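Engineer: Checked TrEMBL, it gives:
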type     : residues : note
REGION   : 195-222  : region 'Disordered'
TRANSMEM : 7-28     : transmembrane segment
TRANSMEM : 40-67    : transmembrane segment
TRANSMEM : 88-107   : transmembrane segment
TRANSMEM : 113-133  : transmembrane segment
TRANSMEM : 142-161  : transmembrane segment
TRANSMEM : 167-188  : transmembrane segment
Amino acid sequence: MNSRKVVFLFNSTFLIGTTAGFIIGIILDWQTHMNDLSNLNFGGVAMVIITSAIWTVIAQMGFFAYLTVHRFGLGIFKTVRLWNKVQVVIILFALFDLMFFRHFFFAEEGESMLGYAIMPLMLLAYGLIVAAIKSKETDRTAFVPALFFMVVVTMIEWIPALRENDYNFLISAIVPLLVANTWQILVLHHLHRQPNGKQPSAAGPKQDKNTTSSKKGAQPKK
């Protein structure tokens, strides 16, 4: 990718992630923010925007870090198949750790671990959906890396919030992370397919190809 595509990816991700975080942040504490706005107090709303922007930037750093780790993994394990198997093992360990450690630190006496399995299972389900879309739009070898990114990398980015047993904080953090990571992983291949200097359209590369073909067909014959 050239610098224009990188800038587009950064700016679009920042805007989308921050907007999603802002919306969920306002919803989670709706009454407080409405009271603040009615009193012309914009400090709370500003903090929601800043916090959402921070989580989005964390997601962006995690994405570029994973791209580097992915290349290292391919270099070390030599084949995509072996590297994908390693990533599957790490995914399973990460999901178990998310359940186990949150139960270990936050469970009350006699509380079952099953209740703490909901969060990792929901994250896994969302990751599977995104990975399926990614593999459908590219090829099947992209499924595991996309799942690894959506589950493991998102979980690592989520750690500052996971250290607290505050569900509002957890949700206000995970929404911009998931939205930003979903956008990054699903738009990347569209950026690679676009000619340098051209931004991807909202309809994706298929629409761009159809538009190009129709333009060629519209040209008068010599």
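Just so you know, glycine gets a Cβ as well, placed from its N, Cα and C.
Note that the coordinates shown come from a computational prediction; the quantities given were computed from them, not determined experimentally.
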Engineer: The transmembrane segment (7-28) and the transmembrane segment (142-161): do they have three or more Cβ pairs under 8 Å, with pairs 6 or more apart in sequence?
Structural biologist: no
Engineer: Counting CB pairs under 8 Å, which listed stretch among 7-28, 40-67, 113-133, 167-188 touches the transmembrane segment (88-107) the most?
Structural biologist: 113-133
